[in-house]
Amino acid sequence: MAARGGAERAAGAGDGRRGQRRHLRPGRVLAALRGPAAPGAGGARAALAAALLWATWALLLAAPAAGRPATTPPAPPPEEAASPAPPASPSPPGPDGDDAASPDNSTDVRAALRLAQAAGENSRFFVCPPPSGATVVRLAPARPCPEYGLGRNYTEGIGVIYKENIAPYTFKAYIYKNVIVTTTWAGSTYAAITNQYTDRVPVGMGEITDLVDKKWRCLSKAEYLRSGRKVVAFDRDDDPWEAPLKPARLSAPGVRGWHTTDDVYTALGSAGLYRTGTSVNCIVEEVEARSVYPYDSFALSTGDIIYMSPFYGLREGAHREHTSYSPERFQQIEGYYKRDMATGRRLKEPVSRNFLRTQHVTVAWDWVPKRKNVCSLAKWREADEMLRDESRGNFRFTARSLSATFVSDSHTFALQNVPLSDCVIEEAEAAVERVYRERYNGTHVLSGSLETYLARGGFVVAFRPMLSNELAKLYLQELARSNGTLEGLFAAAAPKPGPRRARRAAPSAPGGPGAANGPAGDGDAGGRVTTVSSAEFAALQFTYDHIQDHVNTMFSRLATSWCLLQNKERALWAEAAKLNPSAAASAALDRRAAARMLGDAMAVTYCHELGEGRVFIENSMRAPGGVCYSRPPVSFAFGNESEPVEGQLGEDNELLPGRELVEPCTANHKRYFRFGADYVYYENYAYVRRVPLAELEVISTFVDLNLTVLEDREFLPLEVYTRAELADTGLLDYSEIQRRNQLHELRFYDIDRVVKTDGNMAIMRGLANFFQGLGAVGQAVGTVVLGAAGAALSTVSGIASFIANPFGALATGLLVLAGLVAAFLAYRYISRLRSNPMKALYPITTRALKDDARGATAPGEEEEEFDAAKLEQAREMIKYMSLVSAVERQEHKAKKSNKGGPLLATRLTQLALRRRAPPEYQQLPMADVGGA
């Protein structure tokens, strides 16, 4: 029976160990494993040193044995061979040089040697029965190596990438005029400005169309409304006239303006009086206007915000655009010829001109259609070489010129759902045609129509596929054979549109770009595409796809090369099986087996692990007959009760049942054999010691290969800060401040209401116009009449104003009360005067006369008789005295006023004489005269 490993029963002198042939050189194998320092791999110097070393050891070992005859070691007795214990080893010489030793020492040495030569508890040994041919195997033939593909359908084409258009719509607008009112106070030797304010007022639309754009002139008068009343201002407080417009002193790029005057009029009055002067400067300024989506208002570069869409008009459905003003404030003129502001000449091309008059400014701009001038998407990049491939149900558009990859769904995107997106198809088709003419006109043909896809991050990819001329010829040949059409071929390969809806914009802050929607006629009811502010994720996606493609291609090539290498190694395995079939079978089957070749097939038997058997290694490798064992002899048993079996230690702890592996004995014999978990060392075919694994250096033939295929990863856009957060980082929001300030009057006041004046002013204005039409004389007469009427109106207005004042009303009430009291007192006085004039006129005199009369009459005397004549005379005297008093008062008043005095006295005298009865004179007695 052939032993495992290929060792023969009787080897020749030149044979080596088991499994070794003349053409196998261990030095070269070790040199390949360990490098130049391995044994057998050195040069001539290393070989000479090794030869000298072996010669020295041979002389040292041959010297003691030179005096002894060469004897053959006796064969072991049969009874010892049956014992499971190893044969006795020669005892070491005693101290006196004899070979004998004491019985106790011999017993201890034998016990120690027996323990050292026994296998450990964790040792594993295998017993392999000889292959009988019951199981026959063969090597598998070479395999065909597959060519790995990435599994993607690439389509070459031209792409145009669009993003969200966040740029505002800009256009030119024109605004008008300034009014400056200055109040001064004049002193004796100086003048001071006590107040000055500037007000911006609008210009009438008729003045703009008839004067500014026709004659390049402007009136020096301004009419406007303030606090519900109409105000008229004149430049330099003079009559209005048509002033020419002249360029402004300071001009800058994009900022142009024209005006009528440079002076600010300041009026100076008399000393100690205030005087107000007015300046009207007609300013025509060209400004830049900006409007953002949804275009419901626009802002001027002056800070004014107009709450009307710049596309508001009266035709083509533009009246549905947003406006916050009454229709009377807006006017649109078709076929309007405007004037060039730089040269002052009238332009030849007519335009549609919009005019809007607000409270402080008149704005004019050219009306244009909305859909043709604004677009919610803007062209970002053109990719003249774009590849579209399908991966995991998605499309990937790779633009190497941009180093970016965009991922989208496999369905096309309907741009009809995006408001104001008509520009995308037109611009993209024009860009694709231009790129094709410049680069691919002679090498490729366009296939199919323009397709649009919504990529992640809010990018719209317009892709036009194309084919190379060679591939197009193949398609045409295929169509000729199948009688098909080119449209049908491309339609079968093109992606089918699906129910794709536009991605709606993220909720924004109130008043933000996405807070309002425009009219339904422009498609604003659909969703607007919102693009992220950074495209780094597309660059990362391109980088990852590039690395993934490169690594997967490398792995596929490595797998193919591995397959080819396995096919080539199959031939080596076939040859190795002929040299050592058991080792080849064990390596191929991945378990311990014994095998032998049966021609081109192999007989295999599986080895069995020795359970709890005991294995002992013997201390000598010398065999009877002058030969030596090539493998150490062992004895093993299955369990405690089984008979021991003599055998040899095979390779890798294999137990061979017989002892048939022998070789000629050689000098300087040194061998290491694997025994259980350790190694045993033999020198000159005698057991020396057990060698742990740590004392032997390990050389490995394994090459580690740890490969992991990269998984598919898609980078998603991540916004760290939203637009609302970025806009809210500043301390103040200037646009919001302006919006709130200018919305104040619109929110809380009615700027369109006009307070009507009274009829007196209308009458005065009519009289003034009447007298002005009569010439110079009429104007002079009108001035006098209007002055008098104005004085009367002023007096009445002053009285009304005084009464309207709370203090004036109180004073008026007190005056009325005082008048009533005075009237009551006057009424009492008149009543007393009528009843007793003498007492009323001369109360003191009458009282004194009465007292004298009472005192003159003595008590007890009789009163004299009453004289009726005297009483009548007294009455006449009192009457004339009152008349004289009245005449004197009238004359005094007449003298004081220097008119009407004598006339009034004469009339009173005549009146008194007319009513006087003819006098009856009686001559008085002389006694009375003398007594007087």
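Every residue gets a Cβ built from N, Cα and C, even glycine.
Residues or ranges marked as region 'Disordered' by Swiss-Prot: 1-25 (among others).
Among the features that Swiss-Prot reports, signal peptide is placed at 1-62.
For 63-806, the entry in Swiss-Prot reads topological domain 'Virion surface'.
Annotation source Swiss-Prot lists region 'Disordered' at 67-105 (among others).
Annotated compositional bias 'Pro residues' per Swiss-Prot: 71-95, in sequence order.
Sequence annotations record features per position, and here Swiss-Prot assigns N-linked glycosylation site to N105 (among others).
The disulfide bond annotation in Swiss-Prot covers C128-C607 (among others), and the record cites sequence analysis as its basis. For the recorded site, C607 (disulfide bond), the DSSP three-state label reads coil.
Under the three-state DSSP scheme, C145 (disulfide bond) falls in the coil class. Summarising the annotation, Swiss-Prot assigns disulfide bond to C145-C563 (among others) and lists sequence analysis as the type of evidence.
The Cβ of N153 (N-linked glycosylation site) lies under 8 Å from the Cβ of D389, E390, each of which sits 6+ residues away along the same chain. Look at N153 (N-linked glycosylation site): DSSP puts it in coil. Per Swiss-Prot, the feature N-linked glycosylation site maps to N153 (among others); the stated evidence is sequence analysis.
The region 'Involved in fusion and/or binding to host membrane' annotation in Swiss-Prot covers 184-190 (among others).
Sequence-distant contacts of C218 (disulfide bond), defined by Cβ-Cβ distance under 8 angstroms and a gap of at least six in the same chain, are K177, V203, E207, L211, V212, E242, A243, L245, T260, C282, V284. In the three-state DSSP reading, C218 (disulfide bond) counts as strand. Annotated disulfide bond per Swiss-Prot: C218-C282 (among others), in sequence order, evidence recorded as sequence analysis.
Summarising the annotation, Swiss-Prot assigns region 'Involved in fusion and/or binding to host membrane' to 269-276 (among others) and lists sequence analysis as the type of evidence.
Annotation source Swiss-Prot lists disulfide bond at C375-C423 (among others), citing sequence analysis. All protein chains shown were included, and the count of other CB atoms within 10 Å of the CB of C375 (disulfide bond) stands at 20. According to its DSSP assignment, C375 (disulfide bond) is coil.
The N-linked glycosylation site annotation in Swiss-Prot covers N441 (among others). DSSP gives N441 (N-linked glycosylation site) a coil state; it is part of no helix or strand.
For N483 (N-linked glycosylation site), the count of additional Cβ atoms within 10 Å of its Cβ stands at 6 [all protein chains shown]. According to Swiss-Prot, the feature N-linked glycosylation site maps to N483 (among others), an assignment based on sequence analysis.
Per Swiss-Prot, the feature region 'Disordered' maps to 492-527 (among others).
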Among C145, C628, C665, N706, which are recorded as recorded positions, the nearest neighbour of N483 (N-linked glycosylation site) by Cα: C145
Counts by DSSP class (helix H/G/I, strand E/B, coil) across the region 'Hydrophobic membrane proximal region' (784-804): 21 helix, 0 strand, 0 coil
C-beta crowding around C563 (disulfide bond), within 10 angstroms: 15
C145 (disulfide bond) versus recorded positions C128, N441, C628 - nearest by Cα: C128
Entry from the disulfide-bonded residues list C282, C607 having the most other CB atoms no farther than 10 A: C282
Inter-residue C-alpha distance, C128 (disulfide bond) and N706 (N-linked glycosylation site) (nearest angstrom): 35
Beyond the flanks of the transmembrane segment (807-827) by at least 6 residues, Cβ under 8 Å: 801
For C282 (disulfide bond), the three-state class that DSSP assigns: coil
